[in-house]
Amino acid sequence: MDAHEDYVWPRATSELILLPVTGLECVGERLLAGEGPDVLVYTLDFGGHLRMMKRVQNLLGHYLIHGFRVRPEPNGDLDSEVMVAAFGSKGLRIVKISWGQGRFRELWRSGLWNMSDWIWDARWLEGNIALALGHNSVVLYDPVVGCSLQDVPCTDRCTLSSACLIGDTWKELTVVAGAVSNQLLVWYPAAALTDDKPVVPDRRVSGHVGVIFSMSYLESKGLLATASEDRSVRIWKVGDLRVPGGRVQNIGHCFGHSARVWQVKLLENYLISAGEDCVCLVWSHEGEILQAFRGHQGRGIRALAAHERQAWVITGGDDSGIRLWHLVGRGHPGSGVFALSFKSHSRPGVLKAVTLAGSWRVLAVTDAGALYLYDLEVKCWEQLLEDKRFQSYCLLEAAPGPEGFGLCALANGEGRVKVVPINTPTAAVDLTLFPGKVHSLSWALRGYEELLLLASGPGGVVACLEISAAPSGKAIFVKERCRYLLPPSKQRWHTCSAFLPPGDFLVCGDRRGSVLLYPSRPDLLKDLGVVSKVGAITSAPGAGSGEGEPSLAEWGPMSTLPSLHGKQGVTSVTCHGGYVYTTGRDGSYYQLFVRGGQLQPVLRQKPCRGMNWVAGVRMVADGNMVILGFHANEFVVWSPRSHEKLHIINCGGGHRSWAFSDTEAAMAFAYLKDGDVMLYRALGGCTRPHVILRESLHGREITCVKRVGSITLGPESGVPSFLQPDHLEPGEPVEPGSEGPGLIDIVITCSEDTTVCVLALPTATGSAHALTAVCNHISSVRAVAVWGVGTPGGPQDPQPGLTAHVVSAGGRAEMHCFTIMVTPDPSPPSRLACHVMHLSSHRLDEYWDRQRHRHRMIKVDPETRYMSLAVCELDRPGLGPLVAAACSDGAVRLFLLQDSGRRLQLLAETSHHKRCVLKVHAFTHEAPNRRRRLFLCSAATDGSLAFWDLTTMLDQDSPALEAAADLGLPFQLGSPCLTVQAHSCGVNSLHTLPTREGHLVASGSEDGSLHVFVLAVEMPELEEAVGGAELLPQLQVLEEYSVPCAHAAHVTGLKILSRSLMVSASIDQRLTFWRLGHGEPTFMNSTVYHVADVADMDCWPVSPEFGHRCALGGQGLEVYNWYD
């Protein structure tokens, strides 16, 4: 551990933070957002949208910003210059800003004033500022000099949970304090006869049964709103609070939140509340819920602001997201459910089915065989035709397209299908396709060129009809093109179909949950070279499309994914962007693609919680995707991007006839209820006119951070070049992304919210872009491991981008393996696109159920958690990498990845530690003229480290590989090569670095200590081997040092950067650098970061001009950089 050169002390600077948004304030046409100690400034552009203007870093030091107060100007002009007080915790700072003409300049900044108590509210009073402190006192402060002018306490020196200051002068200043006794205390600081003499409360207001977290006063109407822990919002009639002795009356008690209410704001016509349930509710002053905004994830909405003139509501959440919502009248017009009044004496029969032809025409059929049309422009019902052959049992489907192409199809229980032109129903065409019941109908449309109708009959036969129109447009031609045969099942009919571009294939879903691939034209099979894979069976006589017509061959599927969506069936198939999206009643939707005429699953995703019936997928105008489905008795349109329920219709559930249509002009949903047709229609289509000012990261704590690699983008990717500093005027703002492409680091984070997120972190802009999220886990994700990092196309044909294999693991002993491919894409703001392919998954309890010898095994506790992962890449050809997992049940398990990650199986295990294993770390040892040795280090809650030699276990004749081939009991690793008692309690961080002497090993513990030692690997001489047997290497500790009080809390991150430098991170929120090489590690310097409860850290070198980067994950994400 000798240092050969003096090391320059690194100075870490914060480059990026993604923390809960705790403060929001609208100032004229600008928005101020507080994120940690930083301020984000947004400005309103000419298009009426907010855009990012500036980030002011570290304004409040080590305090979190909880609020802003703007000093009112005599002329009311806040568009050019403004004086802002930012406060939070015990800190206060005043800053004067110039932001006119789109340029941001900081003119003056006061010192950071530290108060003696928590600041709950602040208010400007004639150049000074009044502060309401945490134990029911008020301080009048001079922000320029930085001194207290007056300090007046209340006689009730209780702890406050909130406070509100009212008034413009010291004489009329009123304090409304929310005490821990659940009361509101109203008192007047100016009533104090002398300074520091307590003031008796003027009024005490009771009503809530929990502490009060927020309050808002509307002076024009004399109303006060309070939000409480009891999940309610109360409205009080208080009159002018600046006048003592007034009467307080509770005029509203609003229940609508399912958890604690954090924030409340009173407007002239609305009351806005937001809480721990991640819902923002808009109320009338009478207590009626007018709107509900859902989209944030995690533990709630922490900040709330409103812009009355623009009719905006802005929310900031624990998920680091900022969202802008439109109030009623500006946001979501034309929505609502209304009955179409079908019941009439002139329309006999009972409605059996309903469908939509576009978004403004409704079709319905009765049990009398009558087909009716309702035009939303004419607003009346019209009978198109009546056919007694379609009474009792009748199917109805309208052709897809903006206005349904003016076609619909009927089918009955006798094998008859009728294709009806809606505008000329007398030109309907009848066909008898089957000798029995038609089970289902579906349409398949290829642009405006080809339209097919598929009908399922008895025996799994699907007739494919080609529909074309006459040149006059008044007649249609229907021709049976071919027949398909479904795989055998109990309920043997198809449920949906779609063309796969460019149109050579049809993708179908069936009732047993399978996804099938058929040729759209059987005569194309010869050109595709897949004739031998598809069987053709001649149909039985009499099963043709008409009397005397020749029988058609029934073509089997080219590719099948059996029971992909379980036993409830596939509900929709959609093709977009080269992928196939399927949905089902198993509560999931799949992304598939076709390669070589075969269907291959890419990714399985789940929509919002509780949507067990996923009905469809739609691509909207902005390029995003929305999911349709049923959540209990409600039909829901859900956005995966914003995690928001865009539309909610209480229809009674999906076990009824319903139809959905979406165009850019409007969205429509029709369903049958109480013998009538109900229609929900919303102008503007599926989308909602709200703005995501900043994307969410994770809804819960980040548990692991792992850097994958880096990508360099240039002008060919549509990214502008670097701007030289002399091209910018002093103080000119730099747009995010305009600093140039530079280097972009790809980082993977996982969280307690069960998601794995892929982030792009540009080195030049100090921003973060969420590329994609993987939501396959059913419980929290605790660890991520990466291997096989490369470029698209492989070494032979490298292309711009990055590819990698990823393994994620966490709660419920669940592990998933997938690949990511990040490629340049000029469309999104990140200039990158990320494609994910799920390869395999593994759960210990499911693995146990499949074993033949499970009676000889102890069933694994289903609550077992994987705490840490390590990938051991092998040099043996034909054998995939090993994944080592630290398990909470005291075991260390080794999994073998085969077939490029598509097979994941348990290979070996050991229960040496007999207690929860917290960390695993793999490293290799290479000696001259010797084989490469693979070692694994594991650490447990007793502070011990165990070292295992995995090389011998992976030999050609190893019993571990024989057990893997036999899929029997996992191989037992036995005893470790070396055990080191490094700490007195759990080891939360572990890292190694190869040196000339062996390996430098460092660990950090829950007691805040560090342990560093040199591990020597002694290889036996070749002459010592007798009879060709290989002698095992000997491990021993050469030097060993400990730092007992390196941190004040758990050390959760540790990285040996070089032989002379180490960096550690702890829950005490300090990033500390240590000098190695001179005995005990020596403290160099420390930087305070703002992420609370840090769970993991990753560091990597970037380049000589950018130095090192370090990502810290906990309750948020923060990225630091330093230069060597």
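Using N, Cα and C of the backbone, Cβ positions are placed for all residues, glycine too.
These figures come from a predicted structure and were not determined experimentally.
Features reported for this protein in Swiss-Prot:
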- MET1: N-acetylmethionine (MOD_RES)
- 53-97: repeat 'WD 1' (REPEAT)
- 105-143: repeat 'WD 2' (REPEAT)
- 147-189: repeat 'WD 3' (REPEAT)
- 200-238: repeat 'WD 4' (REPEAT)
- 247-285: repeat 'WD 5' (REPEAT)
- 289-327: repeat 'WD 6' (REPEAT)
- 381-422: repeat 'WD 8' (REPEAT)
- 425-470: repeat 'WD 9' (REPEAT)
- 602-640: repeat 'WD 12' (REPEAT)
- 743-789: repeat 'WD 14' (REPEAT)
- 905-950: repeat 'WD 16' (REPEAT)
- 1039-1076: repeat 'WD 18' (REPEAT)
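Same-chain residues lying 6+ beyond the ends of the repeat 'WD 5' (247-285) with a Cβ under 8 Å from its Cβ atoms: 203, 205, 207, 210, 213-218, 220-221, 223-229, 231-239, 291-306, 308, 313, 315, 317, 325, 327-328, 699. Where the repeat 'WD 4' (200-238) meets the stretches 147-189, 425-470, 602-640, 743-789, the count of C-beta pairs under 8 angstroms peaks at 147-189. Sorting the repeat 'WD 9' (425-470) by DSSP state (H, G, I as helix; E, B as strand; all else coil) yields 6 helix, 27 strand, 13 coil. For the repeat 'WD 6' (289-327), the list of distant contacts is 18-26, 31, 33-35, 40, 44, 48, 50, 256, 259-260, 262-265, 267-268, 270, 272, 274-283, 639, 642-645, 689-700, 753, 1116-1117: same-chain residues at least six beyond its ends, Cβ to Cβ under 8 Å. Nonlocal intrachain contacts for the repeat 'WD 12' (602-640), taken as residues 6+ away from its ends with a CB within less than 8 angstroms of a stretch CB, comprise 295, 571-572, 574, 576, 579, 581, 583-593, 646-654, 658, 660, 662, 664, 667, 669, 671, 680, 685-687, 774-776, 818, 827, 835-838.
Within the chain carrying the repeat 'WD 3' (147-189), a Cβ under 8 angstroms from the stretch's Cβ atoms is held by residues 72, 120-123, 125-126, 128, 130, 132, 134-141, 195-206, 208-217, 219, 224, 226, 228, 241-242, 244, all 6 or more beyond its ends.
DSSP states for the repeat 'WD 16' (905-950), grouped as helix (H, G, I), strand (E, B) and coil, give 0 helix, 29 strand, 17 coil. Secondary structure counts, DSSP: the repeat 'WD 2' (105-143) has 0 helix, 26 strand, 13 coil. Mapped onto DSSP helix, strand and coil, the repeat 'WD 14' (743-789) counts 0 helix, 31 strand, 16 coil.
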